[in-house]
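Everything on this sheet refers to the single structure shown next.
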Amino acid sequence: FSKMAVETRDGPQLELEAAIGFNGHVISGLRVHPDREHLIYPLGCTVILKRIKDCKQEFLHGHTNNVSCISVSKSGLHIASGQVTFMGFKAMIIIWDYVQRSIYAELQLHQAKVEALAFSPNDKYLVSLGGQDDGSIVVWNIETKQAICGSPASPHSAGHCLTVQYSNTNENIFVSAGSGTLSVWELDLPNRKIRPTECQTGKLKRICMSSISEDDRFIFCGTTSGDIMKINLKTGLLSDCGPVKTKYSLGVNVLRMMKSGDLLVGSGSGTFTLCSSTTFKTLKFKLEKGVTSIALRGEGQQFFVGTEAAQMYRFSYQDFKPELISTSHNSAVKDVAIAFGTSELFATCSKEDIRLWHIDKPKELLRITVPNMTCNSLDFMVDGHSIISAWDDGKIRVFAPESGRVMLIIHNAHRMGVTAIAGTRDCKRIVSGGGEGQVRVWELQSRGHRLLETMKEHKATVACIKIKSDDKECVTASSDGACIIWDIVLQMVIANTMFRTVCYHPEEYQIITSGTDRKVAYWDVYDGSAIRELEGSKSGAINGMHISQDGKHFVTGGDDKLVKVWDYMDGVVTHMGIAHGGSITSIKICSNSRTLISTSADGAILRWRFPHPSSL
């Protein structure tokens with residue numbers, strides 16, 4: 001019974017091959033690089049560069065927690081990104097060398113969060129704004145990688161500052177805006193000071209976004225009440241305000257000034273409009289969920305829009321019609337299943353939907369939607385003819401993978417929602433687990449289904465079910481702390497952990513379990529005795545694990561956001577994957593051991609190169 005040490009983050013890193021997902025909650029997180037060929041956007045701890053013409057992705061790794069803001073310099077030579085971190089810790093800003101795709105500088109001064117970043121027009125300075133626990137503005141010299149000076153972001157009478165915008169022509173002028181504050185700042189380099197001048201905004205107080213006209217004459221500000229203000233940059237006085245009749249519902253989230261002088265406006269309710277900067281008259285358009293990013297490509301023939309629903313759209317200036325170019329989950333991904341034998345298709349589920357993806361081209365092939373319900377777990381039947389799924393309304397739903405058509409619904413399968421599901425190899429039976437702790441076996445018939453047996457042993461939610469290859473035995477893990485092996489002869493394995501996940505070793509004489517106690521335990525299937533225990537994680541529960549088909553390696557993922565690949569015999573971590581920004585919810589190795597797919601609570605789906613080719 002040996003305890004083994006867990007590796008630090010310094011070991012070999014897993015290679016990230018593709019990422020499905022976009023953090024649509026980062027305001028102005030979606031950018032177009034000045035080369036006009038790449039989109040730049042955040043997902044978890046990673047900054048993704050995606051080539052527009054063929055969707056090829058590259059990844060900038062370096063942040064230790066979620067990326068909270070992004071800025072791209074006018075020359076395109078640098079990208080800057082800021083992150084969040086824990087209270088009491090300093091949040092990092094990384095300046096990236098775009099050509100080398102490498103870290104140029106790491107800057108740390110702000111507490112807990114970097115709220116916004118802006119480059120000066122000639123790449124000389126970077127201005128950064130800290131989050132509400134920090135409240136300061138800092139100006140950095142890009143060449144020396146040092147801070148020049150800093151200042152509190154807003155006067156004591158005002159609320160939090162939310163955004164900074166640099167002048168388009170003057171290296172020494174930038175603007176900050178926020179709740180009850182709008183200031184024009186001047187950098188006095190010889191004295192290493194920045195000096196604010198408050199603008200007079202009248203009765204409009206809650207500013208959330210600002211954009212500066214090309215010629216630096218006016219600042220345009222969006223407010224949470226759905227107005228747009230036009231302020232003279234030289235005098236700091238309000239020169240105009242609109243729209244008079246119909247305000248933008250749920251506030252203005254983003255503003256972008258076009259070369260033509262018109263404004264592109266995105267609101268919290270998902271309206272995306274082109275609006276005149278003189279009359280504030282609009283050409284309306286509607287999208288789903290709040291608009292959080294507007295990125296111009298070149299002179300504005302095309303623009304890209306990102307939303308809170310984690311969707312990206314492309315618009316052309318001529319017809320102003322949206323083309324959906326990328327979709328991803330915008331709430332926690334609950335489970336992932338890879339089609340058996342082919343390793344070409346995989347499916348993920350979350351609130352309201354199941355989505356099918358092609359493994360090589362991370363593109364959505366099919367979406368099956370069940371409004372207002374959450375899919376907790378899913379599996380492909382081995383023959384590939386159906387997807388079985390467990391839903392929180394107590395129903396088991398079986399769908400056809402090609403069309404998404406419902407083939408069967410088992411009503412009232414479990415009283416407190418269906419929480420786990422698995423199919424037998426012969427494709428004739430389904431084993432399901434529920435919130436009330438019952439495990440049920442269903443027989444699939446040509447016309448309908450039949451309940452074969454109900455096994456009541458668990459006292460709480462059934463979290464995971466795995467079926468042995470001969471279809472005569474299965475193992476279930478529950479949050480009541482028990483792992484039970486069900487057979488014609490009932491045997492039990494019990495330990496004091498809240499189990500979340502369990503796997504059979506391919507040779508099926510051992511199982512491994514894990515859960516909230518952060519341990520990975522090996523058990524003997526025949527007598528239920530514990531063989532070995534490893535420390536699986538330094539912090540947080542383990543939520544998912546899977547064993548390779550040759551049984552030589554297994555993978556784990558959990559609340560520490562790290563993907564770990566383990567050697568089964570040695571009990572050590574061989575590779576680590578750092579990119580998830582949320583707790584890892586599920587993880588699977590494809591059957592040919594080429595790829596590994598992990599999903600997380602922030603809606604991300606990541607595909608990694610599996611580092612150990614199969615020996616089968």
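Placement of Cβ uses the backbone N, Cα and C atoms for every residue, glycine included.
Residues annotated as domain 'EML-like first beta-propeller' in TrEMBL: 56-311. TrEMBL lists 107-150, 411-446, 455-488, 501-533, 535-576, 577-616 with the feature repeat 'WD'.
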Residues outside the repeat 'WD' (107-150) whose C-beta sits under 8 Å from one of its C-beta atoms, at least 6 past its ends, are 68-75, 77-78, 80-95, 160-171, 174, 176, 185, 187, 189, 192-194
Mean of pLDDT values spanning the repeat 'WD' (577-616): 91
Report, as numbers and ranges, every residue of the chain located at least six residues beyond the repeat 'WD' (577-616) whose Cβ falls under 8 Å of a Cβ in that stretch; write 'none' if there are none. 9, 12-21, 23, 43-46, 59, 61, 65-67, 310, 328-338, 340-343, 346, 348, 350, 357, 359, 362, 540, 543-550, 552-553, 555-559, 561-565
Across the repeat 'WD' (107-150), DSSP yields 0 helix, 29 strand, 15 coil
What residues in the same chain, six or more past the boundaries of the repeat 'WD' (411-446), come closer than 8 Å to it by Cβ-Cβ distance? 376-383, 385-386, 388-396, 398, 452-467, 469, 471, 474, 476, 478, 480, 484, 486
Take the repeat 'WD' (455-488) and count its residues per DSSP category (helix H/G/I, strand E/B, coil), listing them in that order. 0 helix, 18 strand, 16 coil
